[in-house]
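Pulled from Swiss-Prot, these are the features on record:
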BINDING   22, 33, 34, 37  Zn(2+) 1 binding site
COMPBIAS  77-87  compositional bias 'Basic and acidic residues'
MOD_RES   28  N6-acetyllysine
MOD_RES   50  N6-acetyllysine
MOD_RES   51  N6-acetyllysine
MOD_RES   52  asymmetric dimethylarginine
MOD_RES   53  asymmetric dimethylarginine
REGION    1-48  region 'Transactivation'
REGION    1-24  region 'Interaction with human CREBBP'
REGION    1-21  region 'Disordered'
REGION    45-87  region 'Disordered'
REGION    49-87  region 'Interaction with the host capping enzyme RNGTT'
SITE      11  site 'Essential for Tat translocation through the endosomal membrane'
């Protein structure tokens, strides 16, 4: 291993910075480009602001979705399992 100049900061040591700039590609090679690419692309960790997802609202003029449901009988027997007492 080559000796490193002790006067250099650790982020300026030779080999500490990649030769090419980071890009937005998510291929395997670019995910391992540098530590920052690995954390953001490979692991998917991002400490930026979260974007608020807007809810989809129905149009204001459309009242078709506000129609009341028709009354239905409360007791309906279905299948072979009656809910009443056995005779």
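Glycine residues also receive a Cβ, built from the backbone N, Cα and C atoms like all the rest.
With respect to residue 52 (asymmetric dimethylarginine), the closest of these binding-site residues in Cα terms is 37, chosen from 22, 34, 37.
Helix, strand and coil residue tallies for the region 'Interaction with human CREBBP' (1-24), in that order: 3 helix, 0 strand, 21 coil [DSSP]. Candidate recorded positions: 33, 34, 37, 51, 53. Nearest to residue 11 (site 'Essential for Tat translocation through the endosomal membrane') by Cα distance: 34. Note on the region 'Transactivation' (1-48): its mean pLDDT in the predicted model is 82. A straight line from the CA of residue 34 (Zn(2+) 1 binding site) to the CA of residue 53 (asymmetric dimethylarginine) spans 31 Å.
The most crowded of the binding-site residues listed here (34, 37) is 37, judged by how many other CB atoms sit within 10 Å of its own CB. Candidate recorded positions: 22, 28, 33, 37. Nearest to residue 51 (N6-acetyllysine) by Cα distance: 37. A Cβ within 8 Å of the Cβ centre of 22, 33, 34, 37, the residues given for Zn(2+) 1, is found for these other residues of the same chain: 18, 23, 30, 32, 35, 36, 38, 41.
Sequence-distant neighbours of residue 22 (Zn(2+) 1 binding site) (same chain, six or more apart, CB under 8 Å from its CB) are 33, 34, 36, 37, listed in sequence order. For the pair residue 28 (N6-acetyllysine) and residue 50 (N6-acetyllysine), the Cα-Cα distance reads 25 Å.
Note on residue 52 (asymmetric dimethylarginine): other Cβ atoms within 10 Å of its Cβ, all shown chains, come to 6. Neighbour density around each Cβ, counted as other Cβ atoms within 10 Å, peaks among the recorded positions 28, 33, 50, 51 at 33.
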